[in-house]
Amino acid sequence: MSNSGFGSPIVVPPQFQIYNSYVEDPKWQRRFTAIWAGCLGIALVLSFPVLYRAYRAGRVFTGLFGVREGTPKERDYTPAPPTAGNETVLAKEHRRPLYSPISFPSFLLWSPLGVGLNVGQITVVVLYFAIIIICTLTQAPLIDNPNRAGFLAIAQLPIVFLFATKNSLLSLLLGPGNGYEKLNYIHRWSGRGLFLCAVIHGSLWIRNHLQYKLPILGPQKETSGVAAFALLCIIVLSSLRPVRLYFRQIFFYIHVLTYVSFFVTICYHTLFARPWVYPALAFYGLDLLMRLLRFRIKDASLVPMRDMTMIHIHDCDGGWEAGQHVQLRIIFEGRVFESHPLTIANAPSSVSCVANRSIVLGARVAGDWTRALHNYASIEQGRIAVENDEKVDNVRVPVHVTIDGPYGGCSLDLGEYENVILTAGGAGVTFILGLLDDLVGRIVRHQRGHGERTRRIQFAWAIRSYDCIQWVAPMLMDIAEAAADDASLDLHISIFVTCLCDPAAVPAIPNSVVTTSRPDVHQLLARVLSPTLAEDDVEDERKREAGSEQVVCQGGVGVCASGPESMTREAANAVARLRPVHGKRVGGIALHTEVFSL
């Protein structure tokens, strides 16, 4: 039947139109997803040069399927004979300005005290919450119909799980050194964004029910909604920093169980949740699959030392990059269900300067698990020594372990920088020791087979007592002796001790200095870069024109810091304080930090 005789259809004025949240709000879910996915795409494009260079260096897929035995080639080295011609080429190449993975303004590295994020990360978080607020408030009558906030809460599930899993595709696409531990801050803050939207949705919904005297509990939709919100509250409260630090296993189990319950409950609450729950489950399923592929059961031995237990996992030749870590589970005294992340302190055997076929880990006595492990190793070491009539120091305690990994790593290829600064505090030495072992091995054992430019390495380690040097003294001695045999490499080892006790315990490590002071990362940078950092730019130019001063470093500087948050923050702020002109003069400055904590 034609409507031509009745004129045009009646158009209802906007102010009289009924807002249909089940039609409009899903559109804002898709817009929100398109925005954050677009931002992520931009980040991937910007990181492509880093990924490409890592691919050419053979670093991208190392460790993708776990630790390996046998004699694999960790890098496709083709060592060149040390001829005069090769030395000339290196001298020309190492002066070229470098593309740095951290090519953004240095102030983005600044880390305010007590925040736990640098300026760049804070910017990401602020932009994320701005997007959430805009998508939640734009053209939405929240007071009368708070469904928009609920829809936006559900739409954040994929991003929460994408940045939560240890085996994320993002870690691979963003290049080495961008593991889950570097991306986890987005998981935490997106989870808080999800909770914020849930609070807005739930509180306004309860307000409306109270205003119109409607039952809050009773019907399935209302009851399941309250249950889902209660589960979210449990997740948030159990994720507070003190709980994560001191009750790690409890936090993990609560996290997993409550999220499973939340998924079931939210799907009962609304049918619109399922399209957003499925991607989250897919990300988690991929993570579990990759963990299964990386899972290994190995024999290991424990060596208890002062405030440290060294762990040697046998018959491991490759499948990891220097600076990576594994999730370790040691089967002892009924603690089979506990796993903890520990950093690998040595490079693969094909590169390492240390003659072994083991993964070396260090567990600093800092919590219940590490204390129990140290006590167990000490007691068993004494028992085995008595039974076999051996010296205690020569006894290693055999155990069975499982490992999952490796994960993480260093975002910098230190061989691309003429000058390298490695600084650590306490147990953070395991991270920079692995990097040092790898770098010296590539230069000395493989004769700069990939064109490594490094000429000078400054290794600085801060510890509480002289006894702590024994943790890694044998490995550090092997690396220092290997570096001393190569005239093209200048390695300086500085150990800073904060406690005046038993200086006789200091081992004789080549090219090392032990002092009773605290390291200053800014001063280390100043000494490596040039003496001009202490003077103004005008005076610098005048002196250079007069020929009285030469800039010491021109081939780039790579800085790696590991240890307590205070030390890594100091290193980041030291780099952030450098003016752009200094970075340009030295050929670029790149930074990687690794926080060691409970």
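Using N, Cα and C of the backbone, Cβ positions are placed for all residues, glycine too.
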The annotated transmembrane segment range in TrEMBL, which must be one of 189-206, 423-440, 495-512: 189-206
Residues flagged as transmembrane segment in TrEMBL, choosing from 149-169, 464-484: 149-169
Integer average pLDDT (0 to 100) for the domain 'FAD-binding FR-type' (290-413): 91
Beyond the flanks of the transmembrane segment (226-243) by at least 6 residues, Cβ under 8 Å: 188, 191-192, 194-195, 198, 202, 216-217, 250-251, 254-255, 258-259, 261-262, 265-266, 269
Secondary structure composition of the domain 'FAD-binding FR-type' (290-413) [DSSP: H/G/I, E/B, coil]: 29 helix, 48 strand, 47 coil
